[in-house]
Each structure stands twice: as structure tokens, then as C-alpha cells.
Amino acid sequence: MLKNVNPLDCPVNSLIDSVLNYFLEVPIPENLDSLLDGFSSLSGCPCLFIDFKNRYVHSNNSKAITLLDSELTRSSSNLFDDILKIKSEREDESVELVYGKHARGVFVPVKVKEVILGYFTYGQFIEKTDPLALKIEQGIPLTNEEKEDAKLLKILSREEIEANIYKSIRFVKGISSQFEMDYDLKNEIKKNQETANQLRVQKTFFENLFENSPEAIVILDNEDKVIQANQEFLRLFEYTQKEIISQKINDLIVPERYKDEGASATRDASVGQLVDMTTIRQTKTGKQIHVQVMGKPIVLDNDQLAVYGIYRNLTQQVWNQKSQKIIHHISEILNSSMNSVEMISKIGEELVQIVGAGRLFLELIAPNRRSLNSFTENDEAFKAIRYSESLSSVVIREKRMLYLNENQINDAIVSNRLSLEITPKSWLGIPLIAEERMLGVFGVAGFVEDSEMNSESIKLLEFLSVQLAAGAIKKAKDSKLRILQRSMQQSPASIVITDLKGDIEYVNPKFCDVTGYSLKEVIGKNPRILKSGVTPNESYREMWETILAGGEWRGEFLNVKKNKELFWERANLSAIKDEFGTITHIVAVKEDITDAKHFEKELLESKNKAEESDRLKSAFLANMSHELRTPLNAVIGFSNLCDDSLSMTEILEFVGLINKSGNQLLGIIEDILSFTSIESEVFQISEEEFFMFNFVEDVKEISKEKRVQENKERLGLLFKKDENFSRVLVKSDYQRLLQVVTNLIKNAFKFTNEGQVEFGYKVDGEELCIYIKDSGVGINENKKNVIFDRFRQADDSITRTFGGTGLGLAICKKIMDMLGGSIEVESEPNVGSVFTLRLNCVISKTDTKKEFNNTNGMQTSNSPLILVAEDEISNFKLIEAILKRNSYEVVRAENGEEAVEMCRKNTNICLVLMDIRMPVMDGLIATKKIKGFSPNLPIIAQTAYAMDGDENKAIEEGCDDYISKPIRKELLLEKIKALI
């Protein structure tokens, strides 16, 4: 009968109302007493209760007894008659009529299947208009008598009711007005007393459930006013029963901003909808709490009698979820790659959900332990503050959390002698301690005090302070680890980590750069791929023994790259141990020292050169002393001997020796001054354009003088030019180039005792190539690279045959470098040497053939052209001056061979002045050759050796005339005129 009614969800009055939902009270017909023989003396209010929520359906589904709502509105007698009539008409034997009698306080139902007839004592199921019922519903205190009557208000379940049925009456087919009854009054009274006791127990049980329910339950009338609330509701919302009775629920517990939502919820419940939502409500003191609200109307006969609401407190659950979310987000922030400022700012955004309007701060102890690095949520960076400027100093000193209100803050400022820039209204500081080390203080200042929320907030902040401290330590370690990783990745040294078998597990980018191997190519390989085979195996064995013993090995390897190029490495290898001291890996830090090795080699060479230079300087000074003193000795010595006692012949001899020694001394001084000016960068290069013809003429003149100075008149002196070009115009420093050539020719004479010295040049494009060739002592192969160094000679010993300062070739090398050219040497001992000068200085050149064709076709001058074959420049200059003053054109040949070639190629020559004694080819042989192809060309022989028979010999060889030196101008001009 009471199914669909949950006793746990409703208080007693609500259950009564619910029962009225399921049962309809109808007066029992008066003639029923005659049927209940023996029970007419029983008092009570007879009632008929019909369960119209459950319709009876015949078992074979072909027929059904339906009691409609309209039928229930009839009078009791008609209704009973109708029931019997239905039974009779349908002839349905399965329909049972069950009835019973009752004693006072015992419920005895009478049932026709789903139709129940029953008696109730006064005060049980009564109309709501009953005064006792109204008092109970409104919570009005009862008198003792009323309390006794109220004890009889017990509710029994369907099973309990049916269990008390002790007699049944069956309709017999065809008989509609007779009942067959059998009853036992004594048994009936006993059983109904047991039922009453059970009803009392049940009522007490439901009352206790209502009052002691862990959920807050409230019953509202149709105007949303409170009828009754249980103890949990009163505790949760901080009200008394008296304060809330007849008060509108929305005025009591719904915050202002949730008024519309509250009205909507009660409205939904009033139209029969089940309300189930999560929202916020407030207590009597204004504290807001999170709740789950469930509500439903109590309806009887389609009339809403009341609404019940159940409130479940979710505040702690919501707070826990919120806390977990904040903790999770902060953990993610701490594990992120943010910098400290970004991290603290993000943490502040999370924590503001806890502290609300408070100002978060973080103050860390500075590395110097003398100040604090402070950061608030609005700062962009940490700023240093003194301990006396922050309440955090108290937390740090006492190593405990401080939670201070305004008065406590003022007391702390005075007692700790603090000078705060701004004094907050409230302050919470939590120490950050990790690994037993105080890191600083984390907290909030200026928040609005709320004891309960602050209690939860403080607990969470305390937990987060541990996380933050651990996070700070982890962040520092991670930062160090990242720095270590970056240092390995960006290290200028190669880093290799291997396992104990030597297989590579890690290499940094520098290793790949140096070796040429990619990361993929070396992982899992052994470093022996770098072995060149040069480092002895003993070195590797010693290395492994040292490392596996826990030591550190240092050494150098000559390794090989992927491209087979050799390179030097300096390596430091050591073992990596775990926390138990067990060697797990080997790390090698290697530096490419190839350049350093080369530098070391160069440094060693420089050192050797410096030592050699010091030695050479010493040798140079010793040699210079000899070189200077020798001519000085002659100059001073012979000068002292010159007096009146000497004959003129002796004086002239001494003067000649003094002059020669003076020139020797001058040459030494010039070399020293030239080298000094070059070294001090005072030496200047001045370029000019000049013809090689003129340059060669000066070289000839100087060469002959040097030959005399070196007493090497017996040596031949040969000059050759590029036969392909008659005129070569160059641009360079004439005097410096002449200085180099003169120096080389001087050396050629010095180191040549037999044979000849040859000077020549060739032109190749813009390159001018000048060479000086001799047949002297030559240079050993191991000395070719040092002779151009200062103070160096092919023979540096004190027993050397040839003197000199050792500066000549060094000066030549320096000048050629400054001219933008080069100097080279090819030599073979006892055969001779060839010094070659190369310069890119040619501006233009004239082809010899074209020049000769031009001369033959067009006479550029009416003056006769005379060829002077003369190896001595002074003699040539004298003859040239005589002839040019008398309107003759003059060209020169320095030896007989040149004279022959010039006569062969230049047909404009109208006369030859032939010196008899010349190098390469003497004058008489040259005359014979010239006469062979040009017999009509006049040739006048000239010689300084005027001996008897010389003139006849010259005429016999083909000369047309003869003149001896010294040449007299008048005689020479006369002979020339006679032949032209």
C-alpha cells in the first residue's frame, strides 16, 4: 500500500500526507455492522480506503475490474453495492472480499483484492482539519492527553496490514447477499495489538531518520514558507526552528545574486518537476556555501500539499576540487621551462583564487644572506630589500608560519624594529624550507579576514609552500642541469660518453664538427674508429687501466677524421660513478690541438730562429768588426805612412789602397744603412717609367766597375736582352731595382774565380724576368732557404774564404718584396748559381722585326749611325760624347757577339768602332764575322794595348783602320770622315 513512498526522505507529517495521496477516506455503509456480528460494540471511525493508484487486472487479461475516480465520489452505500454488483455481474471467483473487526488501537482491514475496508481509532488517519493533526503539523506543543493519543498515530506497511488479517469472506457463485464467516475475536485482538506496537516503532524510526539525517531536509508549504526542518538543516544554515517557521526559504538562505535561480527552483518543484542542481546558498551569518539541492512536491489527489527539499553541503568537496586544480596547475608551472619571473607571475594568478583580494609576495634569502630578494605579483623583476623592511625576517628567524591581524602587525613592527614601506591590514607568511634549508618566505598581505576560509586557505598555502620550496630547489637543479646540458652542447671541446665496453652513448656537436661523423654514425660505435695507428697500443692499455681503477687519464692522440685527415687531440678521460660509487660510464673531454701543435712547431722553429738569430747577430758583430776594421786599418795605416819621406810613386800607391779600402768601407756602411731603413720602414719606393735599354747600360757600367773592385778583370762579363723586343718600357723603382741587380752582380764576382758573369732579361706578357748567372762556388741545397735571412751566408764559419756582412741578399729580398716581385735562386756547388728577379712591371714592348722594318723603310734621322763595340762604359761614354757632338748617332755593343748581331739586324749602321779586347767574343773575330755578311761596312779597330804589330794584325783580320787609346778626338773624327 505504501510503495513509492520513501520513509527516509519524509518526516512523519509528510508521510501522513503521502498516505493520503494513496488512500481515499470514504464512510462505510451503516448496514456493514450487521454483517460484522459481535463487533457492533466496538467504537471508532469506520472508513473505507481504496488504493486507486494500482488497478486490478484479471489474471487471464480478458476481464478487469476498474474503479474509476468518478466511482469513488459516490456515496458509501452505493459504492459498496456497486462493488458487490461488479463482483456478481462478472462472476469472477478470483476476486476476494476480505474483512475484519478491530479492538481499540488495533487496525483490522477488510479487503476486496485492491479494495480495503478498515477501522481506525480516533487520532489515526484523520482529516487534516482535526485539531490534533493541525497541532502536530504546526509543531505546537501537546498536552499529556494529546501526547497519549498521538502515540497511536502509527503507520503500517501493506505487508503489516495484510499480516493482521485473520478472517476472510468469499463470495459464493450465485449468492450475492450471504457471507460465510469464521472468526476468533481473541486472536484478532492479540494480533492487532502487535500491529499497533509495530506502528509505533515504525513512526519512531521515521521520526529519528528525519531528525538525524546527515542531509539537511526542509518542508515548505505552497507559499515557499518553512513548515518544518531537521537538525542538520538548522546546523548547516545556523538557524533555530523558531527562526525559520513560516519564513520564505529564499529570504532565509538564497544570496542576492541567486534570487532568480531560487525562485525558478521552487517554481519547478511546484509544478511537479524534480529539482536537482548544484548552487550556492548562504547561512544566517552571510557565509556562502556550495550545496546540492534536491526538491519535489508532496501531492494528494492532484493537490500539492507541500514541497520537501534536501540540501547536501558540497563546500568542502568544491574546495578540495578547486585546491587540487590549483595544485595541479602550480605543479605544471613548476615543471615548465618558464623563467623565475614568469613562473611566480603564473603562480600568483592561481593563488589569487585562494586569497581573493590579497597581495601575494615571495621573498627569498639573497645568496649573500644579508638581504632579501622580493617579488610581488605586480613586479616585473626581483628587487633587493633589507631584512628590516619586511615581516618575513620574523618568519625566517623563528622558522614558523605567522598569521597576523592589524594589531599583531603593529606589535611585530615595534618588537622587531621594522620599518615597512606600507603596513598591511593583515599578513600571512609561510616559510619556504626544502632539504632542511630556509629559502625564504611566501605569503599574502592585505587580504580580507574570513576565519573559516582563511583556515582552509592557510592549510593550502602551507602545502603549496612545501611544493614551492621543493619546486624552487628542483628549478635550481633543473637550471643547473640545463646549463650543464647547454655547456656540453655548446662546449668548444669534444665530449664523448661511453659505456664500460667503450661503446659511444653520447657525443656533443663539437665532436661531429671535428671528426666529420654524424651523431647517427657514431652512436653505438667504439671510439677506435678514430685510431690512426700512430698512437702505440701501450698508451691505450694504460688509459683503460687508469680509468677503470677510478683515476683520471690525460694524454694526446693523433687521430684520423672521417675524411682520413689526421688531427691531434688532447684528451681528459675519467669514470662516471653512481650514488653507490660504482663506475657506470666513461666521459672524455677532448680538445682539437692540431693548430696548437702547428703553432708549437712554429714556436719551436721561431725559438730556434731566435736563438739562431742571436748566434748570427753575434757572428755578424764579430764579422762586422772584422769587415770594418780591415779597410779601416788600411785607411788609417796608409794615411799615417803618407809623409814627406815617401816618393810620389809610393804615395800614389798608398792613395790607391786608401781609396779602395774607403770604397769597401763605404759599401759596408751603405748595406747597414739600407737594411736599417728597410727594417724601420723608412725605406721608400718611388716608381717611374724607364726603358730597359737604358737600365742595361747602367748595369753594364756598374758591373765593370765591380769587376775591377773585386780584382776579377779576368772574368768574362756577358749581357743578354730579350731578342724578341727591341724596346721594353717598364714601371718600377729604377734605383732600387738597380741596387738589387748591382748587389747580385757584386756577389757573383765575389764568389766566382773562373769563367764569367752573365746578366740578362726576358719579357713574358707583363712579367719582367732579370737573371744574374755566374760560374762560381755555388750554394749547398740546405743553405738556399737561409741565405736571404739577415746575417746569414752560405758559410758562416770564421774560416770562410769569402768576407761580407751577410746583409746583401737580405736587402735584395726585402726590396723585391716591397717592389711586389720575388727573388729565386738555383745553384749547384762548384758549378755556379742563377739568381732570378720577377716583376709584373712591363708597360709596353716593341717587336724587333717591326722596328727594323720601320728603320729600313723610313730614315728617321739624317745623322750617320755608328756602332761602338766597347765593354768599358767609361770608354764608351767618351766616344759617345765625341761623336754626338759631331752629329753622329751612336749605339753600343758590349761584346763582339752583340756587335755581330746588331750589324746583322740593323742595316742603318754605317761604321763600326771595334774594341779588340772584349768578353764573349773579341773584336778581331767579330770583325771577321761582320765582313763575312757585310764586307763594305767600315770597321775601325781600337785598343788600349798599342803594341807593335797590332795595327797590321787588325788590318789583316779585315779592319779598315786602326786607332789606339787614349783616343784623340781629332784623329778619330778624321778617320771616320775618311771612311763614310
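Cβ coordinates are placed from backbone N, Cα and C, and glycine is handled just like the others.
Any TrEMBL annotation is an automated prediction that lacks curation.
Here is what TrEMBL says about this protein:
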type    : residues : note
DOMAIN  : 202-256  : domain 'PAS'
DOMAIN  : 480-526  : domain 'PAS'
DOMAIN  : 553-605  : domain 'PAC'
DOMAIN  : 623-843  : domain 'Histidine kinase'
DOMAIN  : 865-980  : domain 'Response regulatory'
MOD_RES : Asp915   : 4-aspartylphosphate
>> Among all protein chains shown, how many Cβ atoms are found within 10 Å of the Cβ of the residue listed as '4-aspartylphosphate', not counting that one?
In response: 26
> In the domain 'Response regulatory' (865-980), how many residues does DSSP put in helix, strand and coil?
Replying inline: 51 helix, 26 strand, 39 coil
>> When secondary structure is assigned with DSSP, how many helix, strand and coil residues does the domain 'PAC' (553-605) contain?
In response: 12 helix, 30 strand, 11 coil
> In the domain 'PAS' (480-526), how many residues does DSSP assign to helix, to strand and to coil?
Replying inline: 21 helix, 9 strand, 17 coil
> To what whole number does the mean pLDDT across the domain 'PAC' (553-605) round?
Replying inline: 89
